[in-house]
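The structure under discussion appears below in the form of structure tokens.
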Amino acid sequence: MKYYIFLFFLFSTQLTLAQYTFKSNSKNIELFSIGNTQNISRVKQQYASKIYRTNLGDTLTVEPIIALTVKNKETIDNIIKQYNGKLSFSEKIGNVYYLACNASSSDEILSITSQLSQNKNVIECDAVHYSNFKKFNTLYPKQYYLHNINGVDINIENAWNIASNLGNNIIVAVIDEGVEHNHEDLPNILDGYTANYANENGNPINATTNSPKAHGTACAGIISAENNTIGIRGIASNAQILPINICPNDYFANDLEIAKAIRWASERADVLSCSWGGNGGSSVSISEALKDALTNGRNGKGCIIVFASGNGATLYNNLAYPASEKGVISVGAVDKTGKIWNYSQRGDGLSLVAPSGKTDLKGDIATTDRMGTLGYEKGNYTEHFGGTSAACPQVAGVAALMLAVNPNLTTTEVKNILEKTATDLGQTGYDTTYGYGLVNAYSAVCGVYPSNINGQASIQKKGTYSIPNLPSYATVTWNLPSQDTNAISISVTGEGNNECTIELNGEKTIRTTLTATISVNRTIVKTLKKDIGILGTFSGTYSVSATSNSAAITNRTFTSSSILEAFSEATVTGKSNDLYYYSATLSGKKVDNWQYKDGTFSFTVPKSTSAGYTYINLTPQFAGGKKISLKVYSIKTSYNLSLAHTGNTLHVKLIKESDNSSNNDLVSLQANEEQNTIWTIEVFNTNTGQKQAVVESHDGAYMFNTYNWIKGTYVIRVTNGINSISKKIAIR
């Protein structure tokens, strides 16, 4: 696409809710964000723009470049200095200076632009942007169902940005009273089928003054009129129309002939658009033909079948037949404001509504008519189509756009997406008046793009991730949180960058979030996220609570080969990011109150325990992981403090009693620890609360001279920071 820089000189009135205001032609220009939809700039890869709407109804996206005219060049220099690296000179064309803006969002750019507009030396100022310029189909302004500034529409213009092939390779069968093959605005007409007439190929035939046989041509135009410089624009302008004429005379064919026509169409078309029905009895032939089309059409994926709900609500309180058939998409009609028309039939099974006008050629839907004087009006177009007949093909056109993006969707998936993404009207949630709501083309097309990142949620060091079924014209941008980019490397491959590989740079396990942004034509379609655990070298910390005979152990490190120490009556708690990715079972010596959740484990050693191992058996929940067995050795340990006062000497001696003699590994470990352990012996006077003395000892023994001590009760405390014991003695 050739890149144009457009300055928009728009005159506007003052709007009180404008998000951003700046100057153009001495007028205030005001912009409003209309949602989170964003555009990727071709100027700066990591920059994204929201879509904004002006008060005139135009939509645009913003580039990271600010255009301005000033009273003197010094103003430009001062502005660049003022923003301290945020702005830099890009180029000058005529009187216009262009400043590159180092910003990550369009909101930031527009905020700066608004600030510059207040500068008295700035004459005009705006952001370089893309407007929604389009070909001027002469009747497009009258197609309010596609673009309605002050009312409801089907949100198609945003959908066109992300469905760039506009229904290409999709066939929509218009089952009606024929479609004119030589219409100037319908170039994609295939040879079709006419009930009871072998060679008519779906053309309108046997027209009369009272029945010009233009209904099918009007429906076809709504679906796929060409995007050119004449007439109207169809919703899926590249889709092909397969005309099926089931009304070749002054009346409809019988139900058998209609069923044959449906079957013929279902063998060739992807979507069946049916703006007809009745309120009499049902038909076995038609119902079975529809069931077969829903099941067997499109090589087993099922045809998407759309029916008008009917125009007889003043007489009937249910859907017309076959709109009432299970599996079809039934469509009612609302007016420009989103209010249900009084004629629109409603009831259980109503799927959606779409904008339309009155019935009996008193409506206001602009669409194709039969050429010349053959149709409803003189000329090749009508502006008076309406009823649920005009609502139905709108949904059929949206379905064609969806299938062009993802042709692998089943009929059930298309129906579910259309209903799930509809704009709710009437009562909150589903109701029998509006169904699931107003068809929303943009949301529906977004809904058919991939919704998941393929790949393991937990990996050892390295893993590959991809976006499945990505259209060839879409691209993917992969990102990790900024705080993880040094710890994790990422590389991108595949068509449209649809695959990436991430790898841990160090040894520490990391939990991160991988983000994939899918874009089409610079427009962000969908942002996908996947939480991933990348495992390094297994490690964690554990703590043991204090007991009457042992001090607490705090944040001692363990690895997969460590022996964790515990004591009777103590509670052991372990923490590790690695534990998130393992399931755990216990074996060996029994413990109480076992808990394992959210990267932690805890248990209590029974009071009456004997020495022995408890094994925490960890099984990896990711591909390629290895099982780990953590050893926890529980010791029944007690300390006794011997105190004796003889003459002026207080004898203090710590006596340790353990049952760990059977565990040679732990005895050796503890012997090494105790050889380097320093015990602190503290003496407190209980009468004064003062510390009488403090000494250090390697074996917890010491003799104090009590000659100058005041008579009374003293507390002796011996601790090594892990174990401690206290005892009282009276000095007389």
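Heads up, the Cβ atoms here are built off N, Cα and C, so glycines get one too.
Taken from TrEMBL, the feature signal peptide covers 1-18.
The domain 'Peptidase S8/S53' feature in TrEMBL is assigned to 167-437. Mean predicted confidence for the domain 'Peptidase S8/S53' (167-437): the pLDDT average there is 96.
What TrEMBL lists as active site, charge relay system is Asp176 (among others). With a cut-off of 8 Å between CB atoms and residues at least 6 apart in sequence, the same chain places His215, Gly216, Cys219, Pro243, Ile244, Asn245, Ile246, Cys247, Ser273, Cys274, Ser275, Trp276 near Asp176 (active site, charge relay system), listed in sequence order.
Annotation note: His215 (active site, charge relay system) sits in a helical segment as assigned by DSSP. The active site, charge relay system annotation in TrEMBL covers His215 (among others).
According to TrEMBL, the feature active site, charge relay system maps to Ser389 (among others). Under DSSP, Ser389 (active site, charge relay system) is assigned to a helix (H, G or I) in the three-state scheme. All chains included, 27 other C-beta atoms sit within 10 angstroms of the C-beta of Ser389 (active site, charge relay system).
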Assigned element (helix, strand, coil) containing Asp176 (active site, charge relay system), judged by DSSP: strand
Cβ atoms near His215 (active site, charge relay system) (within 10 Å, other residues, all chains): 24
